[in-house]
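This is the structure I have questions about; it appears just below.
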Amino acid sequence: MKILKKVPQSSLCLLGKDELLIKNLQCEAKKAGINPNRLIFLPNLPKNMHLARIACCNLALDTQICNGHTSTTDCLWAGTPVVALLGKHFASRVSASLLTAVGLPELITHTQKEYEALAVSLATNPKKLDPIRYSLLSNRPTYPLFDTGKFTKNLERAFETIWQRHQKGLLPENINIVDKIGKDVYSMTNNNLGVIYLEKKNYKKAISYFQKAIFQNNTSALAFNNLGTALKETGSPHEAVENWEKASKLDPAFVEPLSNLGVFYLDTGKIPEAMANFTKLTEINPNDSNSFNNLGLCYLNQNNYQKAIENIKKAVELNPNDYAAAYHLGLTYRLADDYENSVKYLKKALKLNPEHGPSLNIYSLILMQTCDWQEFAKVSAKIPAENESPYINVARIQNQKINLDVAMLRSKQIEKAVADLAPKFSFPKPQKRRRVRIGYLSRDYFEHATAYLILGLFEAHDRKNFEVFAYSYGPNDGS
């Protein structure tokens, strides 16, 4: 709120459409003398649309004491600088690590005062902010954070070194993998420069950079899509459509060109063509409420009211509060983003059993997410030690000893629960194999942020020298 007050023309964009969240934050804004309308609450969107939306923001403010993880990565990938405050435990140091890995340590602060001052300085001085944005887009293809190819090669060399030591019967020790992979020239750099000029409405330069990106990589669906967008802005709709169609052909699952084509056809009255694209979008992502809504509008243009109602109702069901909580599959009302009813039934459970730890945990998480800090403090204090969640704990307590104690307690609970299931391992003399076998174990191999982040690593592994296995103990959502 202090930053908003010092940057009068600014707005703060937040994910969330829950009524309690909006009410509490707007109340805090009023207390600080800030117009609540400057807080803009946004729904969740498909990945590509979400990244495009982030790119429209000038600056991202990292959270404390639990940093952004995927959210910070998304901002940096979209070309939006992130101001971070370095904390004292791992959850409060993630963004600083990400900024270091992308070559922007100047965005890391060490005190609340520094954090506020840097955010205000960058938000009010484009001459300071623009060079940082250019550096981010320039560094992105070649710095460690997003250079998946280089990271994978270095990781493989580390695995090979470990395997060689194991074959020789040597004990583990620290190893240092020296980076021997040179920097490549990526078409993404020219694409990113094109995006900058597109934002500045310098369409001539934007088109030039997108064309360079395509010359360097004529299979870049992203560059073709962006070129189409720039051409449309210059009054060349037919050329725009050609490039969007090329982008869609190169990557049939890429939603942006399909969406661009659908909106263009809808706006120009070509309803059958628009319907075809929006139908594809609903097949690619059956949970995309926006596509169902647009498909409903197509039927509305044809005076097919029954179909229009059917599709628009589908959009409302998928996103009753304008966003869907995709990661809360186990909780019915949270899955439907109905926080009010969720709180209602959690309170009912706690009325029957005031010490029911899981209900207290979930209720406290909802209170934290809706910024009801007073009630959150009361409820979280009631959580029994054996039910304390390590994940919620690091988001509310910046104390390494307490964090460790909670994590160790949870670890012992898991160890006890699986004690009878533990297999008896035997390690005979290692067999010589042509390829190194690597196994990745995770519960996040489904529609989850971790799965998206690690996908590039799996794709980049050299199958000639490595056998790669993925072991999932999480849900199977068919993705």
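Cβ atoms here come from the backbone N, Cα and C positions, even for glycine.
Below, the features straight out of TrEMBL:
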DOMAIN    1-155  domain 'O-GlcNAc transferase C-terminal'
REPEAT    187-220  repeat 'TPR'
REPEAT    221-254  repeat 'TPR'
REPEAT    255-288  repeat 'TPR'
REPEAT    289-322  repeat 'TPR'
REPEAT    323-356  repeat 'TPR'
DOMAIN    423-478  domain 'O-GlcNAc transferase C-terminal'
Are there residues at least 6 beyond the ends of the repeat 'TPR' (187-220) whose Cβ is under 8 Å from a Cβ of it, and what are they?
55-56, 79, 133-134, 137-138, 140-141, 226-227, 229-231, 233-234, 250
Looking only at the domain 'O-GlcNAc transferase C-terminal' (423-478), what are its DSSP counts of helix, strand and coil residues?
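Split into helix, strand and coil, the domain 'O-GlcNAc transferase C-terminal' (423-478) gives 12 helix, 14 strand, 30 coil.
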Treating G and I as helix alongside H, and B as strand alongside E, what does DSSP give for the repeat 'TPR' (221-254) in helix, strand and coil?
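Per-class counts: 27 helix, 0 strand, 7 coil.
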Can you count helix, strand and coil residues in the repeat 'TPR' (255-288) using DSSP?
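The breakdown for the repeat 'TPR' (255-288) reads 27 helix, 0 strand, 7 coil.
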